[in-house]
């Protein structure tokens, strides 16, 4: 039994008793390599109520020959001596034949000054964990090489001069705010730790100017994420074969199987028996789980500073962008819901829907060959009403709003990113020269060229190889779309002759629904295949050319069928008696009598819901199943009754590694969703609402996955979201064009407008109300003589079930002359008026929206004015502080020399 007292400044804990039970569960290798330099456990960012002892108590116990408590070693993740913090973990198997490379690599690790300790797994003695620790000297030397910015002075905040009138107004507003409830979305400041570096000026670390930096404790000066990043930087530059300059980097050893895994450790368990409100957080992982990854805080803001501190700037920027995108979806979702509700409230007053529902005497021509029957136009009543919900008078306004919204979203994100980059010291950060990815080197090692920067030969991929892969992939997607088109034209006839009346009477809806589901399966399959086609050369190329290629492929794969339905379905079918056919065999599919917009809505709704559901399952469900299976195997091997307390490195090893593509899949999912939300939003106003609901879940799913289901990823830096911003701008431009075409071509907005002003009861009066739409349905339908049907198109039924006698005429959607005119089935004058109006609308809409977008971009500066002033003032203060600190140091040296009698006459200052 070991009993020791907690200092009085840790109330209410006065005495803490700990029972140590010795168990020989770990096998220690290379004990002589273990280090004895002290590494204190003093993390000022955690609540003090969770510490078992202070660093002074730990030192006192060591000095007295006593053992450091087991809790201190396991929770704070130290070596077996309880002093040296574990900064990185390597995992290998003893049975692996790559022993020589591993020995050379580990010998060079020690030569770099890193300290090492090995332990075997509790469940498999073949698995060996290599624990690495970087002493202060190594951290300082490499932090200077990597230009790691560290705090050196507290920030000085100042208030600009304000007029008395504005001060009085602020006082009145502050009094009024006291009566308002506190903002429920903000996190409790008492729960979050005080992140010191956010309140300090920072500068690149320098050992010569070490006295300028704020160093309370050398062991906690570099946080865990920074220590792991420095160790990883060292490992990437260590040789594993003597005499060969190119055989370096840990990544190559992971690729050839010398090591199974390499990762930094999580900071302990994410769960605690005690409440975080009463006992505080056990560690930063526990704090992130309670304040970020828990479902109970779904409505709260994200603790981005803590995310950045634990996972690094790159992951922090992703969650900052995702949170900003989700917040900006609120107004878009509200307006989209308003447009939908406007369609609901005006449904009973829609003259077009009324005429369709009351058109029991209008008989429509069959929509397919032979098996499709004649049908009353009134049978499309439900579809006409559903179409009105999405295609109504507010649709054009919503399309303009979404185009402006996309621009505002991107412009204000630039301002938000600038603030984050300033707060996180990313303004002057530049990427380092990167190593070639081992997968790329293994595939293209036979072809080499000279690197213009380093002057060394390196493998490369020929331009023709890159282009051929992209062209082949796009051709595969086009072939898949062509297959879906053939499926639709063939299946509609099959469903029309189906035995079940439900499917037979709704053959077009059944065709569209099954085609969308098959298209979804093809999309997901081709996405998996596409990830195996391209290998990026380096990580930066992963973020640029590789990202662009993959996005283009998956964007075309996801939206190709949607483009077909929006702009080609029913546009080139010909007319009854002269249908256009595919390969002179299959008749092209026609739109529903109520229009093609209902097919587009079904395509977008089904794909969006299915894809987001599938992605969420794969992101969280797959790691959960994998981790459950691992725990199940452990229980089967050791028995369910025996509870094993695993060390943290073994717990993390049993978790799933982060996706091999990094944040690529996370960004890609959201960017494709952004495309769905903006490109065809005129046809589906509920898309922003579905995206908002998904993203609220997505943030917590991703947070839960990062904190609980994945190993801790290496903290890496980035100053922005990279090439994804350019892709977002491209989608914003494309959305203006596609929405203009959807409104002008896919919807009936332009034909209704032309009829109201030119051909309806209000023609020439300048009105376009519902009373002006009387007779629109009859004017939009042409007449066909049934005897003019082709032999292969002639329906089996003669239509006698409608009037008791065979039908002579049927109607179809088009603007064509009747069969008894001088030019049978020729285009009418109304067709050319509608076509001219459609083209004019596209030109006016695009120019108007693009002018608004450019005006907004011009009016919104990239940097907020207060941030620009803060940056200038900080630059000035840093120069002054560095000068004063240097002057103070020189004065102290001068005084010391005077005391020692070594003063010089020509001395400055």
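Residue positions begin at 1 at the first shown residue.
Cβ from N, Cα, C; glycine included.
Just so you know, TrEMBL annotations never went through curation; they're auto-generated.
Note that the coordinates shown come from a computational prediction; the quantities given were computed from them, not determined experimentally.
In TrEMBL, the transmembrane segment annotation falls on 550-570 of the listed ranges 550-570, 571-591, 592-612, 613-633. The transmembrane segment annotation in TrEMBL falls on one of the ranges 449-469, 470-490, 638-658, 764-784, namely 470-490. Looking up the ranges 671-693, 694-716, 786-808, 809-831 in TrEMBL, the one annotated as transmembrane segment turns out to be 671-693.
The stretch that TrEMBL tags with transmembrane segment, taken from the ranges 510-529, 530-549, 850-869, is 510-529.
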